[in-house]
Amino acid sequence: MLIINIKQLVGIREETSLLKGKAMAELPYLDNAFLRIIDDQIVEYGEMKDLSEKGWDNEEQIDVAGQYVLPAWCDSHSHLVYAGSRETEFVDKIKGMSYETIAKNGGGILNSARLLNNTPEEELFHLAWQRLEEVKKLGTGAIEIKSGYGLTVEGELKMLRVIRKLQKESDVLIKSTFLGAHTYPSVFKDNHQAYIQQIIEEMLPVIAEEQLADYIDVFCEQGFFSVQETEQILEAGIRFGLKPKLHANQLHVSGGVQTGVKYKAISVDHLESIGEAEIDCLKESNTIATLLPSAAFFLRMSYPPARQMLDANLPLAIATDYNPGSSPSGNMPLLIALSCIQLKMTPEEAINAATINGAFAMELHNSTGSISRGKKANLILTKPIPSLAYLPYSFGSTLIDKVLLQGKWV
Ligand SMILES: N=CN[C@@H](CCC(=O)O)C(=O)O
Ligand SMILES: [Zn+2]
């Protein structure tokens, strides 16, 4: 397949490296370009003026005059498998109740866990499949999905098996994360060690045996998992072959960032509550800082200091955090707009954070995240637009014309 007359082919990289600080402002492109795809792979690209000499006249051609072509989004943090919505809590929050108070009253994550444990695996799969189909149309081509709404041995394994079935059946590239340590189930409220032992002795061995997860995550936060508890769980996860990714510094300066760095986490995610010490700590590491501004937006919290982090030469990724409690949206175009508007990232920085750096945060950078020969043909074709900045500028508009995943139209 040949895509021709591309107004601008965006995110071209033959060298795949994690982008940090100033480098995030550069988004290489070609004007008036073509792109050649064979099966599920990008095989060639170039300028239209050089196309005639290639001798590909007999190939299927798709003329996209006026349209931009970008790599599909890489959403590196989601909780897309869940059983039911929580709009009642949404209204409670409007009326003044805080996220923490709702959680203390048995709402929040525990509410989702109750629903999930009462929902059959097939139904859960069906619900998650519908959400995945929805985000595909918005341009998502790779996604990380966490467990963490089971909080029982059966519930956690059920979630991870649903994720595995999604991996097998969807053309979206999917990574799986075990988040048994999302919160303490009510029965273990006063006996944290008993739940941690359940995670270590009853969940992790099965997860490792059945290869149900790539990563281990912990909600390291006041009122959830302390630094010491987080360390204990991460160490066990690592023994079972899982790499850490962490929920860190969402509600308080929790020590999550330092813990993530200490255990060489692939990423530390959220970071609404960070200061100089956390930024300095990240500077000395290879850990990616993943920002989830739609959660801060939805919970009316202050945003992470993205500009300060870019000035400190950190690598930033952005992700939707798609979940029923703090970000009931998997809309990457909206997330990119939010990142520009509220985090003051430039369109180029936000797109890099949502593509190549997101791919790194899932260790999928050799397969996706940029327009590169040999990578998956995971592409977004925009409607005709005047410039790249028009995408986040006209937030809320549907500007995606078509999406191609692994060489097939969505
Ligand atoms: N903060 C922890 N976990 C999710 C929210 C979970 C929920 O409220 O259901 C998050 O990343 O925002
Ligand atoms: Zn999350």
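Glycine is treated like the rest: Cβ placed from N, Cα and C.
Feature annotation from TrEMBL assigns Zn(2+) binding site to HIS77, HIS79, HIS247, ASP321. According to DSSP, HIS77 (Zn(2+) binding site) is assigned to coil rather than to any helix or strand. Taking the Cβ of HIS77 (Zn(2+) binding site) as reference, residues of its chain lying under 8 Å away and at least six apart in sequence are, in sequence order, GLU144, LYS146, LYS245, SER267, ASP269, THR290, LEU292, ALA319, THR320, ASP321, ALA361.
All protein chains considered, the CB of HIS247 (Zn(2+) binding site) has 30 other CB atoms within 10 Å. Residues or ranges marked as Fe(3+) binding site by TrEMBL: HIS77, HIS79, HIS247, ASP321.
The C-beta environment of TYR149 (4-imidazolone-5-propanoate binding site), restricted to residues of the same chain at least 6 apart in sequence and closer than 8 Å, consists of HIS79, VAL81, TYR82, ALA83, ILE109, SER112, ALA113, LEU115, LEU116, GLY155, MET159, HIS182. In the three-state DSSP scheme, TYR149 (4-imidazolone-5-propanoate binding site) is classed as coil. Among the features that TrEMBL reports, 4-imidazolone-5-propanoate binding site is placed at ARG86, TYR149, HIS182, GLN250, SER326.
DSSP gives ASN323 (N-formimidoyl-L-glutamate binding site) a strand state. According to TrEMBL, the feature N-formimidoyl-L-glutamate binding site maps to TYR149, ASN323, GLY325.
Among the features that TrEMBL reports, domain 'Amidohydrolase-related' is placed at 256-410.
Taking the Cβ of HIS182 (4-imidazolone-5-propanoate binding site) as centre and 10 Å as the limit, one finds 26 other Cβ atoms among all the protein chains shown. The Cβ centroid of TYR149, ASN323, GLY325 marks the N-formimidoyl-L-glutamate site; residues of that chain outside this set whose Cβ lies within 8 Å of it are HIS79, TYR82, ARG86, GLY108, ILE109, SER112, GLY148, PRO324, SER326, given in sequence order. With respect to ligand 1, the binding-site residues ARG86, GLN250, ASP321, ASN323, GLY325 contribute GLN250, ASP321, ASN323, GLY325 as residues with a C-beta closer than 6 angstroms to one of its atoms, given in sequence order. Here the CA atom of GLY325 (N-formimidoyl-L-glutamate binding site) lies 14 Å from the CA atom of GLN250 (4-imidazolone-5-propanoate binding site).
GLY325 (N-formimidoyl-L-glutamate binding site) is surrounded by 24 other CB atoms, counting those within 10 A of its CB over all protein chains shown.
Within the set of binding-site residues TYR149, GLN250, GLY325, SER326, no residue has a CB atom less than 6 Å from any atom of ligand 2.
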